[in-house]
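Record features (Swiss-Prot):
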type	residues	note
DOMAIN	3-56	domain 'ClpX-type ZB'
BINDING	Cys15, Cys18, Cys37, Cys40	Zn(2+) binding site
BINDING	Pro118, Thr119, Gly120, Cys121, Gly122, Lys123, Thr124, Leu125	ATP binding site
Amino acid sequence: MANNTGSDSKNTLYCSFCGKSQHEVRKLIAGPTVFICDECVELCMDIIREETKSTGLKSADGVPTPREICKVLDDYVIGQMHAKRVLSVAVHNHYKRLNHSSKTDIELSKSNILLIGPTGCGKTLLAQTLARILDVPFTMADATTLTEAGYVGEDVENIILKLLQASEYNVERAQRGIVYIDEVDKITRKSDNPSITRDVSGEGVQQALLKIMEGTVASVPPQGGRKHPQQEFLQVDTTNILFICGGAFAGLEKIIAQRGKGSGIGFGAEVKDPDARGVGELFKELEPEDLLKFGLIPEFVGRLPVIATLTDLDEAALVTILTEPKNALVKQYQRLFEIEGVKLTFTADALTAIAKRAIKRKTGARGLRSIMEDILLDTMFELPGLEGVEEVVVNEEAVNSGAKPLLIYTEVTKKKDATAS
């Protein structure tokens, strides 16, 4: 009903869907012979949003299949196929468990995940990408800042507070979220021997994490507990929150190698070269007892039944990381130069040289950006003030010997320079 009859309402327009007049709503949008108000538009958007969520690329039970999860991970993370498969299956089973928890008498246990791998190999990126795929609240916590309650540092409950903030204080949504705890190898037991001094940042933190990882109703202060002690607490059940712990575990490979050596005494003893296999190969033979020797307490290891090990990134993988993923570094810098109207090109030799420098630094993929910044810093400083630059070419000399990248000028600029001289 676009118009109502009557002398007073001759010039008044009405929403064709809900019948409200233009004076009762904030906005009335006109179409051919019909009108729609802003309230009806919002209602339609909500309906479409709900439909999109329920009819996405999902398996029969409403959860992405492991193959679908792995395929999306491939777009962002290069290599690490074993870790991707382990994560895909674990996450699929976790959310399948939530969706079918009330349909059977059999209670399915939660499977938290432990990611072990050298720095810069993709542990954090895997966790972030998983949260993006599943459209659930996600938060990251640094285990090195955590302490037992009552000591200087962050309480374990602050992790749940960050998850609540990520879900815009929607408790139900937060209770299905993902928490990634980084640097978990830094909270290992400081010593096997009992000490007079309390270990508040090592074993103490492991003990504090046990309850929220297993499942408990945590009382979370919305504004942080220490500065606002009088506020009301929110109750958050952590039973269905998926915890992913990650760490480099430097030195763990030596414990694994030592266990695998066996006896080294006698004429029949087998002599093995400790450097014959890489860190990634040794991590594949990881047993829970190795983590106990490293300094994790048995109860903490027991809360992390799914273990995914990641390997060092080789030269070919680093070159691929530079060029192929959706947010590849080369694509990012090319976009920056494109804004200046300049094409940025890297030669194949230059990309290989950058990968070699990253391997030498032992920083993995994380070190690639700092190397790129070093190479392009002077060029990015001078480029906005230069005229007629058409292309910047980064070659092997620019990476290895500190030479400036090549600047290619347009033909017009070359002719101007020739006539001026």
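Counting starts with 1 at the first residue shown.
Glycine too: its Cβ is placed from the backbone N, Cα and C atoms.
Recorded features from Swiss-Prot, shown on the structure.
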residue	record	DSSP class
Cys15	Zn(2+) binding site	coil
Pro118	ATP binding site	coil
Lys123	ATP binding site	helix
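The most densely surrounded of the binding-site residues Cys18, Cys40 is Cys40 (count of other Cβ atoms within 10 A of its Cβ).
Neighbour count (other Cβ atoms within 10 Å of the Cβ, all protein chains): 16 for Thr124 (ATP binding site). Ranking the binding-site residues Pro118, Thr119, Gly120, Lys123 by the distance of their Cα atoms from the Cα of Cys15 (Zn(2+) binding site) places Lys123 first. Between the CA atoms of Gly122 (ATP binding site) and Cys40 (Zn(2+) binding site) there is a gap of 44 Å. Look at the Cβ of each of the binding-site residues Cys15, Cys37, Cys121, Leu125 and count the other Cβ atoms within 10 Å; the largest number goes with Cys121. Among the binding-site residues Pro118, Gly120, Lys123, the residue whose Cα lies closest in space to that of Cys40 (Zn(2+) binding site) is Lys123. Report note: the ATP site is defined by Pro118, Thr119, Gly120, Cys121, Gly122, Lys123, Thr124, Leu125, and the residues of the same chain whose CB lies within 8 Å of the CB centroid of those residues, excluding them, are Gly117, Gly246, Leu310, Gly364, Ala365, Arg366. The Zn(2+) site, placed at the center of the C-beta atoms of Cys15, Cys18, Cys37, Cys40, has further neighbours from the same chain whose C-beta lies within 8 angstroms: Ser16, Phe17, Gly19, Lys20, Val25, Leu28, Phe35, Ile36, Asp38, Glu39, Val41.
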